[in-house]
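K.L.:
According to TrEMBL, the transmembrane segment annotation covers 25-48, 60-82, 102-120, 140-164, 200-225, 237-261, 267-288. Taken from TrEMBL, the feature domain 'G-protein coupled receptors family 1 profile' covers 41-289.
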Amino acid sequence: VASGNQTMVTEFLFSMFLHPQRGGLSFFIPLLLIYGFILTGNLIMFIVIQLDMALHTPMYFFISVLSFLEICYTTTTIPKMLSCLISEQKSISVAGCLLQMYFFHSLGITEGCVLTAMAIDRYIAICNPLRYPTIMTPKLCIQLTVGSCFCGFLLVLPEIAWIATLPFCGSNQIHQIFCDFTPVLSLACTDTSLVVIVDAIHAVEIVASFLVIALSYIRIILVILGMHSTEGRHKAFSTCAAHLTVFLLFFGSVAVMYLRFSATYSVFWDTAIAVTFVILAPFFNPIIYSLRNKDMKEAIGRLFHYQKRAS
């Protein structure tokens, strides 16, 4: 669309997909299989936790919420990546880009809040076990989940609304595998120095969640080390190790990507970091919480055994 002497951008092109090579299909097939595993694995976990009464505890409630969020989170980006890999259409409309950014970051922040709630849950369960049943009630679990959703979906709204008012002209190539704040803002043909304030807000969000989780687990580890029962120590460490792995994988890559301020990475490292928290973290979630979890494996076994008997 022409405006004066400038051509206003109506769609963005993903530069990472603009030069299809013969091996394009070799990226499409693994990504499709990974996406299928993410959907199937997290959906099985969600259904099993809802149906198995033995898993109706606060810890598994939050795991089921996390599984549902992972399905939504990956669906905001991976289907478009798959489309770009095999289709001639390598573009996304400005409105579509804004929607992708909004849901991607809203769900990401919500997931970070849920991981924080999970750390608090484990802290109370291990450090204050006698009061745990009266503190972590089903009502509180629902309130924490709803609060996480409100936090995620409201915090990003002002930023998206501001970006929607910016004019885009000149180059329309996004140097990333999905729409993200920094690559999109770099294409605006106006002053975007306000982004420093936005970066600071993101930094506070990430650091606050990180500190709550880190301090919770430091205290948890100290309590576990003081346990007299070897079996109790092993079980507590096993449970917390799963949470810590997911936490480090998710927050580690997010921190590297969004706590850099003026620092810049090469396109390769930008993409590699993005792949870590967009694809790899959701991929490992069902593996960490099911294959390495005795209760979850037994519940999955009971569900499939019941289905066989019913048929």
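A Cβ is built for glycine as well, from the same backbone N, Cα and C atoms used for every other residue.
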K.L.:
The transmembrane segment (60-82) and the transmembrane segment (140-164): do they have three or more Cβ pairs under 8 Å, with pairs 6 or more apart in sequence?
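P.N.:
They are in contact.
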K.L.:
Run the contact check on the transmembrane segment (267-288) against the transmembrane segment (60-82): 3 or more C-beta pairs under 8 Å, excluding pairs closer than 6 in sequence.
P.N.:
yes
K.L.:
For the domain 'G-protein coupled receptors family 1 profile' (41-289), what's the mean pLDDT in this predicted model?
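P.N.:
Across the domain 'G-protein coupled receptors family 1 profile' (41-289), the average pLDDT comes out at 87.
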